[in-house]
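Visitor: Structure in C-alpha cells, see below.
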Amino acid sequence: VAAAATAAMARYKDATMSNHMGSIFFPDEQEAVQKRTFTKWINTHLAKRNPPLVVNDLFEDIKDGVMLLALLEVLSGQKLPCEQGRHLKRIHWVANIGSALKFLEGRRIKLVNINSTDIADGRPSIVLGLMWTIILYFQIEELTSNLPQLQSLSSSTSSVDSVVSSEAASPPTKRKVVTKVQGNAKKALLKWVQYTAAKQAGIEVKDFGRSWRSGVAFHSVIHAIRPELVDMEKVKGRSNRENLNEAFTIAETELGIPRLLDPEDVDVDKPDEKSIMTYVAQFLKHYPDLHNTTEMQENDVGVHYISILIKDRLMLRDLKVWVEQFERDLTRTQMAEVSLQEKYQSFKHFRVQYEIKRKQIELVIQSSRKDGKLSLDQAMVKQAWDRVSSRLLDWHKYLDKSLPAPLGTIGAWLYRAEAAVREEIIVQQAHEETANTIHRKLEQHKDLLKNLDGHKKAFQGIHRARSVNGVPVPLEQLDDMAERFNFVASTSELHLLKMEFLELKYRLLSLLVLAESKLKSWIIKYGRRESVELLLQNYISVIENSKFFEQYEVTYQILKRAAEMYAKANGSVEEAENVMKFMNETTAQWRNLSVEVRSVRSMLEEVIANWDRYSSTVASLQAWLEDAEKMLKQPEHAKKDFFRHLPHWIQQHTAMNDAGNFLIETCDETISRDLKQQLLLLNGRWRELFMKVKQYARADEFDRMRKEYLDGVATLSTFADGTNRKISVPVEVSFLNVKMFVQDLEDIKQKVPVMEAQYKIITRTAQLVTKEIPQEEVNEMLATMTGIKAQISKFKCYSRCPVLLYEAQQLLSPLEELEKQITYFYESLEKVNEIISALDPEVQPAAVFKQNHQDLVAYQENCKKALSLIERNSQGLLKFVASSKVLQHFDPLMLQKKVTEIQVAFQDMVKKTGDWRKNVEANSRLMKKFEESRAELEKVLQIANGCLEEKGNPEELLRKHTEFFSQLDQRVLNAFLKACDELTDILPEQEQHSLQEAVRKLHKQWKDLQAEAPYHLVHLKIEVEKSKLLGTVEECRSELARENKLVSSKGSEKIIKEHKFFFSDKGPYQLCEKRLQLIEELCLKLPEWDQLKTTSESSQETLKELKSQIDSTYVKLKENPDKWKEYNNRISELASWISSKESELKKMKHDVNDTAKYKQFKTATELIRQDISKQGENVNWLKSRLAVLTEVSAEDEARKKENELSKLSSDFKGLLHLLAEIEKMLSTVGDCVQYKEEVKSALEELITNSKEAQVEAEKILDTESLLQAQQLLLHHQQRTKRLCAKRQDVQQQIARAKQLQIEGGLPSTVQEDLQKLEGTLENMQQNMEKREEKLQVTVNKWEQFERDKETVVKYLKQASSALERILSFSSLESLSSELDQTKELSKQTIAIAAQAENLVKSSSEIQLGSKNKQSLQQQAKSIQEQVKKVEVTLEEDIKTMEMVKSKWDHFGNNFEALSIWITEKEKELDALETSSSPLDMQTSQMKVIEIDGKINGIPSLEEEAQSFSQFVTSGESAHIRAKLTQIRRYWEELRDHAHCLEGIIAGNASQQQKYEENLNQVQQAVSRFEAKLAEPATSCFSSADTYKALQDHMVKTCSIIVACIFIY
C-alpha cells in the first residue's frame, strides 16, 4: 500500500510539473465522474417523462427501482410494471429492480454479476456498470448500428483492421457487464469521429481518452456540423480548459446537446472513456447523418469500404484455394507407401504449414455481422479448414497407433491424455449440469491419468534404447512423444486441481442461482393467505429442511481450499487474481443474498399474521357494527352501557386498517382492489356510527384517571422512601461509600424537580377524580397528597443545602489518594511475599539471587513509605470528619480498622524478611555447583588424553576421534569457570587463592588438548589416504598383468578399449593422483619436525613407477596387427559390386526411351536402388570402422586405408548419380503414359458426378420444404464447386500431358485424344453453369415467398391473440388504448391483405415440381382467407369498443357533474351556515338551494353503468359500484345537512321574533320608569321623612328594574 501510494504521488508530481492544469484520476475520482455524467444523462431522458423526474443522488435514488423503470420506459417506449407508494419496503425495491433486469435480459442484453440486491444496496460499481450497459445499448450501440459502412469497418476481420488494432486478438475481459457489442460500438463511434470530424480538421483521434483532453476533438466535431461556429486556428492556440468550456457551451447553446461533462472531468491525465463516449454519442444522436454532409467525404468512405470488401473477398477465396490444395496434398501424402519415419517427417512438414496459417484463418472466419452469422465465403473456408484440422488430427493418431507394441498403445494413451488435459469445459445453461459434467470428466481423467507413471516408465526405457524389441523407431517421433509426456506430466496435477475447482465453483453457483430463483418466487406480490402459506411451506422445505445454509457453507469452505490449492499450483498472478476476484464477488453476493433469503420467512410470517389479524378484526368488527347499529335504537342507559368499551373497538378498527393497508401494499392488484373496496365500505359504516356514539368513548376516562392517580402516588411514595433511606443511613468513611453518597445527593437534586412536576400532574388528576367519589375518599386523598408534599419540600431543602454536598465532595480527593496508597502498600507487600517465597539461593544463579535481593530491599522501603503516608492522611481525614457539623452521620471506624490492619501487616512483613536473611547465610549451593562442574571437566580431559594415545585401524580411529573432538564443547569449561566466579564472590579471601590455582591448572590442560588434537587427526588422515593409495596402485598393476596375458587370445582392439576405459580420466590412476595430491596437502599442515611429512615423497615415487608400466603396455597393444581382417574383406566385396552395377546401368541408359521396356527397366532400377540402400549402410560401416581402427593403429597404415576408402566412396557416388539420371528419364516416359490414363479416368468420374448432380438438382425442385431445398442447394453448390475443382485438375493434367507430349515426342494420336477430352470438358462446364443459375433463381423466389409468408403468418399470430381476447376492460384508459391498438392493427391488416394477395401471385410463378407448386398455392390461398377473417373481426371489435367507450365517457361525465354539483352545494351550505346575513336573507337563500331535485340522477347513473358492465372487469365493476354507493351516501349526507340547516334557520327566526316582542315590552317599561322618575320628589321636613321617601323611591325603582329584567 505504501509503495502504491508513493508511486501515485510521484505520478501526481510529474503531471503537475508538465501541466499545471492537469490532474490524475484515482478510482474514486473516476467513479465520481461517471456518477455525474450518468446522472446528467439520465435526467435529460427523465425530463421527457410526464410528469418529469429528477435524480439527485444516483446511488440512493435508484435503490427503490422506480427511477430505473421510469428511465427504461422513456428509452423503450413501453409501459413496465412498477410498485409505487410512500412507504415502499425493501421487498418492493427488489421486485422493481428485478422487473427492470428481466426487461433488459428480454432484450438479450447480457448482465454479468448484476443482482437486484446489489442495486437495492446502492453498490457504486454495480450501479455504474448497469447504467453503462443501458447507455451502451440504448444510445451508443443503437446509433452506431445506423452507420453500416463505418460499423463494417470497425468490425471487419480483414488484414487492414488487424494491422490498425490488435484488440481482435486479445482475450475478452472477464466479469464485466460488456459483450461483443461494446467493442464494435466503440470502434464504430471512433471511426465515425475519425472519418467525419477529425479527418477534416487534420487531427488524430486514437481513442476516447487522452485524444479528447485538449478539447480540439470536440471542436472538430462541432466544426464538421456547423463550420461557422468554430475557428480551428484559434482553438489550437488556447489552453485545454478554455477549449473544453467553450466546446461544451457551444454544443449546449447552439446545437442543443446537454452538457454532460465539465472541463475538469476531461482535462486529466487519463480521462474516463465511458463518460466521453456517452457525451460524444449525443452528437451522433442529434445528427445521425453527419457523414453525408460532404459528398467527397461520403465517396471516400464508400470507396474505401468497397475496396476493403473486395480485398477481404479475394483473400477469403485465396485462402479457400490454399486450404483445398493443402487438403489434396495431405490426402495424397497419407496414401503414399513410405516408411514410418518418412511419414512422420511428412506429418511434421504439414503440421508446420498448418500452424503458420492457423491464426490468419481463424481470424478471417470470425463473424463480423451483428447476428453472428458467417458470409458464404467465410462458411466455405471454415468448412474446408475444419476438414483439414480433423484429417491432420486423425493422421497424428494413426501415426501414434502405428508404432510397434507396446509403443503404439502408449501413443494411443498419450493422445487421450493430451486431449483430456487440453479439453475445454462446455458450460451448460444450468450450473448443476455443468458441475455434474465436470465431475464425470474429472473421474474419467483421474482414471486415465493414474496410468501416467507406468506408461512414462515404459516409454523412457524405449526412448533410451531407440527401438522396441529390436525394431528401430524414428528418433524425431520419440523426441516429440517425450515432449508430449513432459507436457502431460507437468500439467496433469494442475488440470485435476482446476477441474476440482471448477466443479465446486459451479456447485456453488448452482446454489446461488437456486437461492436467487427461489427468492424471486418468494418476493412477489402475494395472494390470499393459503397461497402465502404454501410459499412459507416451500421456503421451509427448500431452505430449512434441506439445510440450505449449512450446505452452502460446506461447499464454500471446500471451494475455498480448492481455490487456494489451484491458485498456488497455477502460479499465474492473473489467474490467482481471477480466482480471488470470483471468491470475493461470490462472498459479497452471498452476503447480500443470504440476508434477503433469511428475511423471507419473517416477511411471509408477517403477511400471514396480517391476514389473520385482518380476518379476525374484520369479522369481529362487522358483528359489533351490526349490534351497535341495532343498539342505537335502545334507551340511553343501555347505549351508555353497550358503548362503554368503545375504545377497545377503536383499537380493533385501527388494527384492521393497519393490517389492511399492509396487505394492500404487499398483495397483487386484484386482491388489493378487493381489500380497498371492503375497507371502504367498513370505514364508511364505522364513520357514520362513530359520529353518533363518540360521546360514549369517555365512559372509561374516570377509571383511567384513577389509575393514573394511584400509579403517580405509588411512584412518589417509592421516591420518598428511597430518599429517606439514603439520607438517614450512617455512612462508613471510604472512597466508594462517600462517592456513592455524593452521587445519591446529586441524583436527589436532579429528581426533585421531576417529582415536583409529577406531584402537580397528580394534583390535577386528583382534582378531576374527587368530583365523582365520596367525601371520605376525598379526605383520604387530601391527607396522602399533603404528606407527599411535605416530604418533597423536605427533600428540596435537603438537596439545596450546599454545605453537605461540598464537604462530602471535599472528602473524595483525599479518600481516593488514601485508597491508592493502601493499594500501593498491599502491592508492595505482595511482591515482598513473592520474593521471600521464591528466593532460594540453592536453586537460583547468583546474579538472579542478587537482583531479587535488591528488589526485596526496595519493596520493603516502599511499604514503609506508604505506611507513613497512610497514617498521616488518615489522621487528617478523621480530624476533618470530627470537626464537620453536617457530616455527623459519617462513621470513621472502618477507616481506623483499615489503618490498624496495615500496621499489623507491616510488622509481620518485617519479621518474615529478617528470618529469611538468617537462612540465606547458611546456604552452600554455589560450592556444590562448583564441585560438579569440576568433576565433569576432569572427566572430559581424561577421555581426550586416552584418544591421543589409542592405537588401531587408522580409518576407524579417524572416524571415532573426529566425532569425539567435534563434539568437544567449550561450554564444559565455561560452566566450570562460571561456577568458580560465583563461588569466589561468597568465599573469604584466604580460600579464594587455592581455588584459583586449581582452576588455572585445569584450564592449561584444556588448552594443551585443543592444540594437540588437530595434528592427531591429520596423522590419522594421512595414514588412511596412504593405505587407500597403495591399494589402488596394486589394482592398476593387476589390470596391466591381465592385459599382457590376454592380448594373444582376445585380440588387441578389445584390450585397447578396455585399457583406455580402465585408465581414463575417471579411472583408478586418476584416483591415485587425487589421493597423492590430498596427501601432499595434509603433509603441508604438519610441522617440519614431524616424521610423517616424508610420506608424500614416497607416494610420488610409487606413482611414477606405475605410470611407466601403463605407457609401455599401451604401446605394445597398438603394434598388434590382427584388427584389419574384417575391414579388408568388406571393402573388396563393395568394390566388385560397384563395378558390376555400373556396367549394367550403362547398358540400360542406351535403351531407356523404349516404352516397351519401361516396366522392365523400372523394376531393375528399383532393385538396384534397394541394393544401393544396403551398400550405403556398408559404406557407413566402413567409415565408422576406419575411424575406430585409426585410433588404435599406426599413422601410416591408417592414412593408406583412408585413401583407399575415399576412392571407393567416389565410385559409389558416381553410381548413385548414374542411377538418378536413368530414373529421371524413366519418370518422364512414365508420366507421359500415366497422364493419358489419369485424364481419361478423371473425365469419366467427372461425367458420372455431373449426372448425379443433375439428378440432385431435380430433387431440389421436388423437396417439401424450403430448408431442405436450401440445404440441398448448398450441398449441390458444394458438389458443383468440387466438380469445378476436379475439372481444373483435369485441365491441368491435360496441359501437363500436352507439355510432356511435346517434351517426350509422343505419337499424334495422344494429342487428338487430349483435344477430344478437352471439348467434352467445356460442354459439361456450360451445362453445369446453366443448371446452377436456374436453381439459384428458383430458390431465391421461394425464399422471398417464405419471408413474405412468415411476415403474414407472424402478423396473423399477433392478431389471433388480439382476436381471442375477451372484451373486458379494467379502466377507460385501457379501453382507449385497446381501441387505438385495434385500429392500428386494422390498418396493418389492410397492408397485410395486399401482401397475402401478392403471395397468391408469386406462388404460381415459382418453377417447382407440380406437387410443391400446388402446396404453395394452397398455403397462399389459406393465408389470404385468414387475413380476410381477421379484417372482418377487427371491424366488429372496433364498433363494439367505440360503443362502450361512448357510454363509459357519458357515464363519467355525468358522474363528474353530479360530484361537482354535490361539492358546490356542500360549499353553499357551509357558507350559509357560517354566514352573518339576516335571517330572512338566509331563508331565501335556503329556498334557492334545491337538494331533492337531483335524486333521479343516481338511478340514471346506475342504469348507464349497467349498460356497459358486461365489458368491464369484475374489479372495475366493483369499483364503479363503490363509487355509486359513495356518491349516494354523499348525496344523503348533503340532504341531511340541508334539512338540519333549514331547521336551524327556522328556529333562529322564531327566537328572533320572541326577542323583538320582549324588546318592545322592555322599552314600554323603561318609558314608564322614566315618567315616574320625572315626577317631582315629595317635600320632606325631617331626616326621617327624607329617608322614608328615598326608601319608597328605591323600592319602586327596583321593582321596575326587576320587571324589565324578567321581561328581557
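Keep in mind that glycine also has a Cβ here, set from the backbone N, Cα and C atoms.
Note that the structure is predicted; figures quoted are calculated from it, not measured.
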Visitor: Looking at the ranges 1118-1145, 1286-1313, 1314-1341, which is given as coiled coil in TrEMBL?
Guide: 1314-1341
Visitor: Between 559-586, 587-614, 783-810, I'd like to know which one TrEMBL lists as coiled coil.
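Guide: The listed stretch tagged coiled coil in TrEMBL is 559-586.
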Visitor: Suppose you had to name the range TrEMBL annotates as coiled coil; which of 146-173, 1406-1433 would you pick?
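Guide: Residues 1406-1433 are the ones TrEMBL records as coiled coil.
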Visitor: List, by number or range, the same-chain residues at least 6 past the coiled coil (559-586) whose CB is under 8 A from its CB atoms?
Guide: 113, 174-175, 493-494, 497-498, 500-501, 504-505, 507-509, 512
Visitor: Quickly jot the same-chain residues contacting the coiled coil (1406-1433) by Cβ under 8 Å, restricted to those at least six beyond its ends, or write none.
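Guide: Answer is 1261-1264, 1334, 1338, 1341-1342, 1345, 1349, 1352-1353, 1356, 1359-1360, 1363, 1386, 1389-1390, 1392-1393, 1396-1397, 1399-1400.
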Visitor: Averaged over the coiled coil (559-586), what pLDDT does the predicted model reach?
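Guide: The answer is 88, the mean pLDDT of the model over that range.
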Visitor: Summarise the domain 'Calponin-homology (CH)' (32-139) by DSSP state, stating how many residues are helix, strand and coil.
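Guide: Each residue of the domain 'Calponin-homology (CH)' (32-139) counted once, the result is 69 helix, 0 strand, 39 coil.
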